[in-house]
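Below is one structure; the comments refer to it alone.
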Amino acid sequence: MEYGHHARPDSKRPLDEGSPAAAGLTSKKANEALTRNRELTTVLVKNLPKSYNQNKVYKYFKHCGPIIHVDVADSLKKNFRFARIEFARYDGALAAITKTHKVVGQNEIIVSHLTECTLWMTNFPPSYTQRNIRDLLQDINVVALSIRLPSLRFNTSRRFAYIDVTSKEDARYCVEKLNGLKIEGYTLVTKVSNPLEKSKRTDSATLEGREIMIRNLSTELLDENLLRESFEGFGSIEKINIPAGQKEHSFNNCCAFMVFENKDSAERALQMNRSLLGNREISVSLADKKPFLERNEVKRLLASRNSKELETLICLFPLSDKVSPSLICQFLQEEIHINEKDIRKILLVSDFNGAIIIFRDSKFAAKMLMILNGSQFQGKVIRSGTINDMKRYYNNQQNHSMKHVKPSCINMMEKGPNLQVKKKIPDKQEQMSNDDFRKMFLGE
């Protein structure tokens with residue numbers, strides 16, 4: 001459960017720039033990014049009564065300071081509860097710790113900083129949900145306080161989780177038992193989270209500026225040896241990636257990605273921009289992130305007027321931005337009993353809180369359109385329809401939420417005088433007498 005908070009403006013007078021205090025403040029701000037982390041602002045509460053839910057925990061600790069998030073979990077024997085409370089500021093966490101040994105109900109609670117208790121887990125099966133991860137820890141008798149999955153809004157391939165457990169010992173035990181565990185052909189990676197020991201990202205070449213994207217290639221130019229010969233003069237090439245499916249669909253504007261061993265080589269290769277390769281003028285630029293192609297395909301489909309293409313796809317909506325294509329595929333196979341061969345592709349449409357599912361043919365898509373509408377997915381009713389249906393639903397939801405926004409004080413003040421004038425109009429009208437009514441109805 002998340003709670004909003006408002007920062008209190010600083011009312012103190014500004015320090016002189018040359019003063020020692022100002023120098024210390026500058027140093028503190030410079031290091032703020034390093035020191036601002038959940039471990040400083042998050043506390044663990046042990047031995048809460050079984051009746052305590054998120055709301056009760058929030059009410060009990062809200063006087064300590066603004067609260068961002070509260071999680072509650074049962075102990076293994078279910079005889080008491082844990083709570084994880086994330087405050088907006090460090091002083092809120094300090095105030096909460098002063099409540100340790102207080103009696104809540106009939107239980108004496110223990111409050112402490114939640115440090116070195118966060119796990120980083122990755123490479124679990126794509127179909128895994130929070131429940132699967134929670135069950136995984138429960139199987140080794142460890143309580144998961146909270147499980148945080150990444151948003152897939154801009155990158156649908158992200159697959160990791162941050163998991164808070166109740167002690168350092170449990171965190172180390174999880175690493176011992178789960179790191180390297182084989183699950184459905186995937187080797188699980190589990191580590192104690194440490195911001196100072198970040199693993200190298202899979203898209204590091206893109207972020208380091210060592211990867212280029214070559215556009216406007218013909219299908220004949222989609223040859224790794226040809227591309228290597230054309231670009232190896234600029235520096236050592238680490239690898240070349242040619243996205244699949246371009247030759248099969250006879251795209252007129254194909255592309256390829258090339259990773260150099262260093263940034264300077266990639267920048268020199270930009271000289272090839274707008275040069276001729278074969279009989280085509282190619283475009284060369286530093287590569288965008290990997291989701292570039294997928295987002296481009298989504299944009300193309302959203303604007304498409306090709307009726308034959310549109311007849312083979314349906315949209316599912318509304319969906320959370322943490323739902324992956326793998327989870328949707330699993331749902332279609334296990335709950336709707338669709339054969340994986342009948343699904344050509346699943347694309348997330350984060351701009352409209354939905355997904356596009358492309359099927360093998362239009363008849364099958366029409367059948368699925370009727371079957372999937374109103375079905376249950378992750379405890380919620382979802383709709384199915386065309387791209388226009390998804391857009392219309394999203395826009396209606398946006399308009400509906402706008403209607404429920406309370407008018408501001410300024411708007412009320414502006415409308416006030418007009419309302420008063422309208423109320424005075426009836427008072428100015430003269431009341432009709434009996435003679436007036438006789439003339440109106442009897443014509444006298």
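Please read every residue number as a count from 1 along the shown chain.
Using N, Cα and C of the backbone, Cβ positions are placed for all residues, glycine too.
Among Ser19, Ser324, the residue that Swiss-Prot annotates as phosphoserine is Ser19. Here Swiss-Prot gives region 'Disordered' for one range in the set 1-29, 407-435: that range is 1-29. In the domain 'RRM 3' (210-289), helix, strand and coil residues by DSSP number 24 helix, 27 strand, 29 coil. The average per-residue pLDDT of the prediction over the domain 'RRM 2' (117-195) is 91, rounded to a whole number.
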